[in-house]
Each structure stands twice: as C-alpha cells, then as structure tokens.
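Visitor: Dropping a structure here in structure tokens format, bear with me for questions.
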Ligand SMILES: Nc1nc2c(ncn2[C@@H]2O[C@H](COP(=O)(O)OP(=O)(O)OP(=O)(O)O)[C@@H](O)[C@H]2O)c(=O)[nH]1
C-alpha cells in the first residue's frame with residue numbers, strides 16, 4: 001500500500017497525471033471500498049472524467065454487509081451508472097468487467113468495426129484513493145503479457161498497456177487520487193475501515209464513533225462479540241466503552257480498548273459491515 005502524504009502540491013500533481021491518463025482510455029474503472037462506497041471516492045473524479053464512461057467497482061465486497069451492497073448497486077442502477085461489486089482477492093465476479101465495458105462501449109466498438117477493425121480493443125484504467133484494491137484488481141485482471149508499450153505519441157514514457165482479456169487493455173499503473181475527509185464523518189468511516197492511515201485520526205475518537213455506529217446499526221454483532229446484555233446496550237457509548245475496557249481486562253487503559261475495537265472491526269470480528277447507505281432512510285442493518 002502506498003503511503004502518501006497528501007499536501008496541496010501533491011494533489012495538484014496527482015490530478016494532472018490522472019487527467020492526462022484519462023485522455024488515453026475509453027473507459028475508467030473507478031474503484032471504491034464497498035464498506036464505504038461514497039466516502040472512499042474522490043468526488044473530483046467526476047469532473048475530471050469529462051463525460052468519459054465509467055464503471056464503479058465496489059471492491060472488498062467480501063467484507064461489506066451484503067444487504068447494503070445490494071442497496072448500493074440498486075442506487076447505482078437507478079442512476080444509470082454501471083457498477084459491479086467484487087472481491088478482487090478471490091477474483092470473484094471480476095470477469096464480468098470486460099463484458100460490462102464491452103456493453104457500455106457498444107456504439108464505439110460498432111463504429112470501429114465499421115471502419116474495418118476486426119477486434120477493437122477497449123482501453124481502460126483503474127482509478128481510486130489509496131488502499132481500495134486497485135493493484136489487486138489489476139493483477140487479477142492482467143494475463144501478465146504486455147499488450148503495447150508506451151513508445152508512441154501521446155503516451156507517457158514508460159507507461160505500458162497490459163492485456164486483460166481478448167479485447168481489454170489496461171494501463172499498467174492505476175490512477176491514485178486522495179481521500180477527501182474534510183468532513184469528520186467521512187474521516188471516521190475511512191479511519192474505522194482502515195482506508196486511511198492510523199496517524200491521521202485519533203484512535204479514541206474513531207473507536208467511540210465506531211462503537212456508536214455499531215450500537216445503532218449492528219447491535220447484535222456487539223452483543224455477540226463482547227458478550228453484552230440488554231442493560232449494557234442501554235449505556236451511553238462512552239460508558240459502554242469504559243465498561244468494555246474493564247470487561248476485556250484493560251483496566252482503565254481506554255486507548256488499548258480503542259485499538260482493540262478498531263482492530264476487531266477491521267478484521268471482521270464484528271462481521272461484515274457497511275458504514276453508509278445510499279438513502280437517508282437508513283434502517284438497522286441487523287435484526288436481533
Ligand atoms: N478482503 C479483501 N481485501 C482486499 C480486496 N482487494 C484488495 N484487498 C487488500 O487490500 C489491500 C490494499 O490492496 P491494493 O491492491 O494494494 O490497493 P491499492 O488501491 O492498489 O492501494 P495503493 O497502492 O495504496 O493505492 C491489500 O492488503 C489487499 O490484499 C478484496 O476484494 N477483499
């Protein structure tokens with residue numbers, strides 16, 4: 001995972017580089033984390049695309065709440081935006097990507113065929129914030145053989161196209177954009193799911209935010225993981241945090257409990273979860 005300290009100069013450079021490379025592709029695969037589909041995207045990408053077709057890839061779907069993933073896919077469909085939920089680590093559903101890109105670019109492909117090109121190639125690239133799984137997707141898609149080298153006009157030096165299917169070529173390096181976490185809630189979601197470096201946020205705050213979220217949305221998971229009863233669940237979040245700290249043997253060392261809770265969430269000890277829903281009417285995610 002690339003550790004990038006995003007400062008304004010860095011952002012501008014990333015933006016320029018990504019914009020330049022978008023010009024070279026027919027379609028963009030925007031990779032997001034299925035547990036935080038909205039918070040793990042950089043909204044600036046939309047304007048950078050300049051009408052270029054896009055497929056949203058909700059990666060790490062194996063860690064996300066399947067019901068909420070369905071809701072997200074339905075929301076994308078309603079917005080006429082092709083989207084695919086995958087588990088890149090196990091190459092789950094990844095093969096659908098080439099087919100979806102072909103469908104989306106049907107007109108362009110037909111025009112190329114009419115001009116005599118027998119098997120028009122689709123050129124694509126992955127774009128996303130750090131740690132969403134861009135490289136994993138690339139590695140899974142690519143059959144290791146390099147399709148075209150970058151030595152031609154308009155193609156950045158040393159950049160290569162990798163063959164990802166009979167008619168799909170991928171740029172060898174993904175486009176990296178910065179996470180946008182000026183909004184505190186977005187920051188908390190990204191921190192809790194491990195999408196941003198631990199140094200950026202205060203672990204106590206993230207843990208308390210996470211505990212509050214799970215108390216509201218996934219209470220049954222908390223009960224099960226930490227052996228909590230009805231009365232425990234009526235405590236205020238910070239009281240429950242204090243209770244858990246002593247219950248789990250950390251005495252009064254709240255920071256150790258905070259770290260434990262964050263790690264448990266990230267490792268999936270509290271089950272599969274998604275920290276945001278596409279509509280305002282969020283419902284409790286689990287039933288007790
Ligand atoms: N559980 C799960 N883990 C995944 C999946 N895809 C990627 N990962 C893991 O997520 C971490 C980040 O994956 P990368 O492919 O390095 O992500 P990236 O977007 O290329 O990251 P940067 O290089 O930081 O931009 C790695 O530890 C991967 O093994 C997935 O679908 N499910």
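Positions of Cβ are set from backbone N, Cα and C atoms, glycine also.
A TrEMBL annotation is a machine prediction, not a hand-curated record.
Grabbed the feature section from TrEMBL, which reads as follows:
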DOMAIN    16-179  domain 'CP-type G'
BINDING   59, 60, 61, 62, 131, 132, 133, 134, 135, 136, 175  GTP binding site
Visitor: Should residue 135 (GTP binding site) be counted as helix, strand, or coil on the basis of DSSP?
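Guide: SS state of residue 135 (GTP binding site) = helix.
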Visitor: Cβ under 6 Å from ligand 1: which of the binding-site residues 131, 133, 175 qualify?
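Guide: Near the molecule: 131, 133.
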Visitor: Looking only at 59, 60, 61, 62, 131, 132, 133, 134, 135, 136, 175, the residues listed as binding GTP, what is the longest Cα to Cα distance in Å?
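Guide: With 59, 60, 61, 62, 131, 132, 133, 134, 135, 136, 175 as the binding residues for GTP, the largest Cα distance is 23 Å.
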Visitor: For each of 59, 131, 135, count the other CB atoms within 10 A of its CB; which of these binding-site residues has the top count?
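Guide: Counting every other Cβ within 10 Å of each candidate, the maximum falls on 59.
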Visitor: Given a separation of at least six residues and a C-beta threshold under 8 Å, show me what packs close to residue 175 (GTP binding site) in the same chain.
Guide: 14, 17, 18, 21, 22, 125, 126, 127, 128
Visitor: Counting across all protein chains present, how many other Cβ atoms fall within 10 Å of the Cβ of residue 133 (GTP binding site)?
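Guide: Taking every protein chain into account, the count is 23.
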Visitor: Mean pLDDT, the domain 'CP-type G' (16-179)?
Guide: 89
Visitor: Measuring CB to CB from residue 61 (GTP binding site), give everything in the same chain under 8 Å that is also at least six residues away in sequence.
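Guide: Once residues fewer than 6 apart are set aside, residue 61 (GTP binding site) is near 34, 69, 85, 86, 87, 92.
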